[in-house]
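Peer 1: Attaching a single structure in structure tokens format; questions to follow.
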Amino acid sequence: MNLNLDSAKDTLCKNILIYGYCKFENKGCAFSHHKPNVGQPPVSASSSSGYSGNSSPAEAKRKFNLNTPSFQPSNVQNITSKFAALSPKVKEIPVFVPSGGSGGAANTPNNGADANELLSQKKFNASTPSFMPAGFGSEYPSSPNTSGAGQPPNPYLTGNGHPASMAQSSGADVYYQQQAASYPLQYHLYAPAPPPRLTIPLPPHETNANSMFIPNDLRETLQKKNEATLQTLPRSNLPEHINIYHSLVPIDKSYDPKSKVWDVPSSLYKVFSSVDGNPYALRKIELNFPIINEAPFKTIKKWRSVKNANVTQLQEAFTSMAFGKSCLVVVYDYFPNSSTLIDHHKRIGTRTEPITEDLLWNYLVQLVNALMAIHAKGLAARSALDLTKIIVTNKNRIRLSNLAISDILNFEKDEEEISKSNRYFQGLQREDIKKLGRILLSLSTLTIPNTLRNNDTGELLRHLKTSSTISFSDEFIQVLTVLNEDTVEFDLDRFSQRYLTTRLFSTINNLEDSTDFMESQITTELENARLFRLLTKLNFIIDRPEAKDWTENSNKYIIKLFRDYIFFQHDEYGKPVVDLSRVLTNLNKLDAGIDEKFLLVSRDEKNCIIVSYKEIRDTIDSVFRNLTRD
């Protein structure tokens, strides 16, 4: 290595920069070992130019000079006054001065100027406050030494939940509890799809892991429903309590300021009951007239008595001032992740369910079933028969929702019409049949081009025969014609006997198949709790070396060897054995306590014992009883 000794003596040794000392300082190291004097005062701009001019030739040749002073503005106030005209608050901006320097001089008021001069020469000041993003919330609390009033919490940040009074504390560390963020569930990591080689049909004696549990799509659907049911909305401006209900979460997917059905502002929420803890759907309707007595709610008792599989159960109805004004509140059963028929089949930009004739027959059977139950109580569905009020709760399973609202909103008009005619409710029930026909016709027209869709019923029925993408049967066209006829008399029982008798068997068959499938899936998951309790006992017992009776000859050591026998086996190639069926088989044998004997070997292969599953089960029960007794 070619080294210029003349320039090396003026170059600071790198060992001094890195380690603070050089072990070759007195053993021939040619570099300088004198640390730079950081206590010298800063050099002004004029003197610095003279200094660079009068420097030695060796210093002039160097590319980096450690003694070069850092740049510092001489007058910050002049810069501030330059931009003072842009904003009236620019002059109020304080000048940044690093604080908290080390050493006793920095803490002495008389030596404040010397401390500032010392800090000004440091390239990196450890006392400079670091930037802390506000979005991290209380996981990174502010410095407890910070004085001044605390900043109010930001309601839009999920983790910023500490009160302002706590931030003013300067003597002790403050613990801020961070709220758990809501992340979408990783369904593909919970139960991954099998590799392609396992998707082919397997022989009867072979199986895969998916056949031991419920299907992935069903598990994902149920998990999404549970997630929607347990969803909360912290720091919202919604009321905390409405009567006995709390934890309001908006679930209405319509952003219209007014309901097109009732022509009044309306919204839908998911709530929890303080009485039974169950979730419910709460419909809020802003009233344009006061309700001063209980007369508008006289039909609520009848509606609560309607028990039908295709009708959303009504819980109660009342008025409330919790939203700041008088509102009508109607509470129904809650079905998570349900969608309306218009969202299920007609919503643009989403994946919609295709229309088929079998699906329409299925809808017709369910709607007729709901209407027969409602009409049998002397009631009418009215506004509930709308594409935006019929909800799809499961695959091809629909229910009428938002019942009894029209009876409350139109109470005065209904009283006047009833006083004029005794057949007023019969007319409302006949109107339900017409709405049923329009709903089926509206869904059927989704199979014809948009240019052919109009409001003329006769033309629509004709286009369904000639221009539809699917071939409707003559029987279905006849049903649409009968439902959309403008006749005064209509017998729903006779209609169902004539047109729906044969279709009922298909619906019943599908429901029974679905019931059998669900029952079979529940059967596969029935014993999961039993094996979980067994594993819990094992983990409570093993790995307690601090216990007085813990030795390699004790009963607990046998249980540990059994744990290793199940989960820490290796094959002949030294690879871990990851076989779920083997684990389930051994746990089932242990739980049953059979007399089958097998060999347990320690990991170092120095200890071995022949034992049966029954002996291990008795040992586990005995040790666990002693553990709970201590």
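Going from the start of the chain as shown, residues are counted 1 onward.
Backbone N, Cα and C atoms are what each Cβ position is placed from, and that goes for glycine too.
So Swiss-Prot has the following annotated:
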| type | residues | note |
| --- | --- | --- |
| ZN_FING | 7-36 | zinc finger |
| REGION | 38-72 | region 'Disordered' |
| COMPBIAS | 44-56 | compositional bias 'Low complexity' |
| REGION | 135-171 | region 'Disordered' |
| COMPBIAS | 140-149 | compositional bias 'Polar residues' |
| REGION | 231-501 | region 'Pseudokinase domain' |
| BINDING | R283, D333, Y334, F335, P336, N337, S338, S339, T340, T388, K389 | ATP binding site |
| COILED | 502-540 | coiled coil |
| REGION | 541-630 | region 'Knob domain' |
Peer 1: Other than its own, how many Cβ atoms are within 10 Å of the Cβ belonging to T340 (ATP binding site)?
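Peer 2: Other Cβ atoms within 10 Å of T340 (ATP binding site): 20.
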Peer 1: Average the pLDDT scores across the region 'Pseudokinase domain' (231-501) and report the rounded value.
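Peer 2: Reported value for the region 'Pseudokinase domain' (231-501) is a mean pLDDT of 91.
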Peer 1: Including all protein chains shown, what's the count of other C-beta atoms within 10 A of the C-beta of S338 (ATP binding site)?
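Peer 2: Around S338 (ATP binding site), other Cβ atoms within 10 Å: 21.
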Peer 1: Who sits close to K389 (ATP binding site): which same-chain residues at least 6 apart have their Cβ under 8 Å from its Cβ?
Peer 2: V261, T340, S383, L400, S401, N402
Peer 1: Given the ATP binding site residues R283, D333, Y334, F335, P336, N337, S338, S339, T340, T388, K389 in the record, what is the largest Cα to Cα distance, rounded to whole Å?
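Peer 2: Taking every pair of listed residues, the largest Cα separation comes to 17 Å.
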Peer 1: Going by DSSP, how much of the zinc finger (7-36) is helix, how much is strand and how much is coil, in residues?
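Peer 2: So the zinc finger (7-36) is made up of 7 helix, 2 strand, 21 coil.
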Peer 1: When you measure from the Cβ of R283 (ATP binding site), which residues in the chain that are at least 6 apart have a Cβ under 8 Å away?
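Peer 2: The answer is S266, S267, L268, V329, V330, V331, Y332, N402, I405.
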Peer 1: For P336 (ATP binding site), just give me the three-state DSSP call.
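Peer 2: The three-state answer is coil.
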Peer 1: Over the span of the region 'Knob domain' (541-630), count residues by DSSP class, listing helix, strand and coil in order.
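Peer 2: The counts are 44 helix, 12 strand, 34 coil.
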Peer 1: Would you mind pulling the DSSP three-state label for K389 (ATP binding site)?
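Peer 2: In the DSSP reduction, K389 (ATP binding site) maps to coil.
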Peer 1: Would you mind checking how many other C-beta atoms are within 10 angstroms of the C-beta on P336 (ATP binding site)?
Peer 2: 18
Peer 1: I want to check the contact list for Y334 (ATP binding site): same chain, sequence separation of six or more, C-beta distance under 8 angstroms. What comes out?
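Peer 2: Looking at Cβ-Cβ distances below 8 Å from Y334 (ATP binding site), excluding near sequence neighbours, one finds T229, K270, N278, P279, Y280, A281.
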